[in-house]
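Just below is one structure, and these are the notes that go with it.
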Protein chains: 2
Amino acid sequence: MKLSKEPYKGTRDFYPEDEFVQKYMFNTMRKAVERFGYAEYDASLLEETALYKAKTGEEIVNEQTYSFVDRGQREVTIRPEMTPTVARMVARKRLELAFPLRWYAIPNLWRYERPQRGRLREHWQLNVDMFGDNSILADAEIISVAGAIMKKFGAKKTDFEVHLNNRKLLTAVAREYCGCDEARAYKLFKLIDRRHKMDDDKFFAEAQALLGDKTEKLKIYLQSKTLADLPAELVQNAGVLELKQLFKILAEQGVANVVFDASLMRGFDYYTGNVFEVYDTDVKNRRAMFGGGRYDDLVGIFEVPPVTGIGFGMGDVTMRDFLEAHNLLPQYQPTAQVYLCVLEVGVQGFANELAVFLRQQGINVAVDYTGHKIGKQIQTADKQKIPYVICVGEDEAKNREFKIKQLVSGKENIVIWDDLPKFSFKS
Amino acid sequence: MKLSKEPYKGTRDFYPEDEFVQKYMFNTMRKAVERFGYAEYDASLLEETALYKAKTGEEIVNEQTYSFVDRGQREVTIRPEMTPTVARMVARKRLELAFPLRWYAIPNLWRYERPQRGRLREHWQLNVDMFGDNSILADAEIISVAGAIMKKFGAKKTDFEVHLNNRKLLTAVAREYCGCDEARAYKLFKLIDRRHKMDDDKFFAEAQALLGDKTEKLKIYLQSKTLADLPAELVQNAGVLELKQLFKILAEQGVANVVFDASLMRGFDYYTGNVFEVYDTDVKNRRAMFGGGRYDDLVGIFEVPPVTGIGFGMGDVTMRDFLEAHNLLPQYQPTAQVYLCVLEVGVQGFANELAVFLRQQGINVAVDYTGHKIGKQIQTADKQKIPYVICVGEDEAKNREFKIKQLVSGKENIVIWDDLPKFSFKS
């Protein structure tokens, strides 16, 4: 059988130029969140399947996870999201840890789904979480952190918009306002979560099947553009008060690109309070890029004293699309700054000495030991986008004087050995 | 059913203090290999199982991999090693890439095995590879890179030793010298690979069953401490010549801690030339920490024009053990440099302004919005090992003057707002 050269379906190979972008994104995220004191953690890729059955959501666990039985008959799952893992870690050291905790991670996550734009089977996701602070200031900070990352990427405030809603409000809409029992409320949540994937006719037809004559009330609720538009029955709801506080704090902090979004739900079952999503405001790409929310009951499922949580996840595929669309990706810079081309086998030893010397000056140097013709060696440097080449032959070995060529400009500098430390190999 | 708080068997949770060590190790590796011009790549965690059936080795694939059938009936495996993946990536862009390539990655790898010291089910491994240069200088460079990483970690040359052997020599020992056919040669290789796990009696009893009266010859070969000790029948072997060249180049480059090791084999089937392992010289921990070798036929299995390869893998578990044993691990430094403790709810807004200002100066600042008593807030900073705290109350908000306390020394500095940019928050 012929071996496939392609990566597994729905996944990506990251050649150095692709990995350069990944590293740029992850390091930018790291710098932004570390300014707020968040500390990086990590964990195993596999977890026992039971962890996700509790709160991730039925559809995801039953249809979209990579689950299997290991050689010791344990049911295991490749993590589809990080929040259950981090909640488990907090629960595991519940009594040793000092709260509030500010933690982040950039794990790869797996979902079995049909690959499509913005959706792959494997993606990486920045996870930023705060545990043990249930104040609305914590909610505001989490949204500020999301904004700080966007800013660090070079996005303008007008390039994105934060949508807000609250699970307590949504629960009141389903239960008291529309009269659902718990099971129907759950179905209504799943329906609202899929709203953007269907047209209004289909959406309200499905709502009608669930709610009957209460569908009109749902319609009124969903038409609310701001908190002030909400039906009178809902304005005293605890979720509305949380949203009002959050809007007030964000306004005080100068965060203006925030709107109420009545149909914002978020997919996971574990959210309990404010939830948010960040939208690209570009008309060509108007969609939710990432989001998160408050989940105050998740650590408690491990039968430890409860700890409140709030956080968000930012995926690499969507962010890369955004940065590309807004022309915010940096130009590729290879690792090697100088490529030493070697004219004769007899001077390979000398070329290596030169490389050792340059590396001692903090320069990244690769040497071509192949014995290829010099033109081919230079071509290798050029194709790998290495900015400078030095050709080393017997003359160079004897005179210890080198012609440093910048490939992109063709510019050449003659530099003697002792002056090499002063030469700037900037691209 | 009670949910487990423990990580999946044979894996680790990396709390911030653990992740700090991981990041230190990975970043040190990155810096060392990038000096030699190696560029980082990455790939999917899952590959089709067929990829490993070709050259990884039967025992590993049949008994030690995490393999399963996906929801689309594809046989897939969580990567047990990275070399097949990188060979696949090189083959995939065989015609576009310019050689030699210098690539590295730090993937997590999975093996189903009984967890024990130095062996876990999930570990991370630096992989450093060069493709398209079959000169012995490339072999020497790969060993230099391994040495450069050890040096960057602060290890002395006397702390480790490089063991060398060659697969061409080992093949000649099995085939011509001991008269094995291909199947018995394969078994002999697997036996030699397990030699350090058994005593001499058991080893030679198993050798006797394979080789009969040729066992004495194997014994003579294995007694060779240097290339000069090798039986006359073997000295003209191509592998011996490659080893001699490699010893010569390493000596010229000043690499002295290198020895011939007749029983060094390496587990994978794909090696074709020089192979090496780096040993800890500490008598309490005398064991192979990591290794690699030349594999010139691996890219060719994808039915593209062949490309030679050489590389090594360095695992995080073994390296961490080494660094701990040699007292080379750095002290933990948390992300946050300053913790703002807030005395009254009324000044939380001001504390946030102060945090924003400090962050603009490049300081990592966390704010306590919990409303906990001040002693508890300071305790949080202390338990999280954050070096400095500033308590913010109404006086501070009014006077814009702050007492910056270094927790470890108890030392306090009074600094006004305008002078904050000049204060050094070093731990």
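Every residue, even glycine, has its Cβ placed from backbone N, Cα and C.
Note that TrEMBL annotation is computational and uncurated.
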Per TrEMBL: L-histidine is bound by A:Glu81, A:Met82, A:Thr83, A:Gln125, A:Asp129, A:Arg266, A:Tyr270, A:Tyr271, and from A:Arg111, A:Arg286, A:Arg287 the site also lists A:Arg111
Whole-number mean pLDDT, the domain 'Aminoacyl-transfer RNA synthetases class-II family profile' (A:1-330), equals 94
Row A:Glu81 (L-histidine binding site), column other C-beta within 10 angstroms, all chains, value 21
Close in space but at least six residues away in sequence, with Cβ under 8 Å from that of A:Tyr271 (L-histidine binding site), the same-chain residues are A:Arg167, A:Gly293, A:Arg294, A:Tyr295
In the three-state DSSP scheme, A:Tyr271 (L-histidine binding site) belongs to coil
For A:Arg266 (L-histidine binding site), the number of neighbouring Cβ atoms whose distance to its own Cβ is within 10 Å equals 21
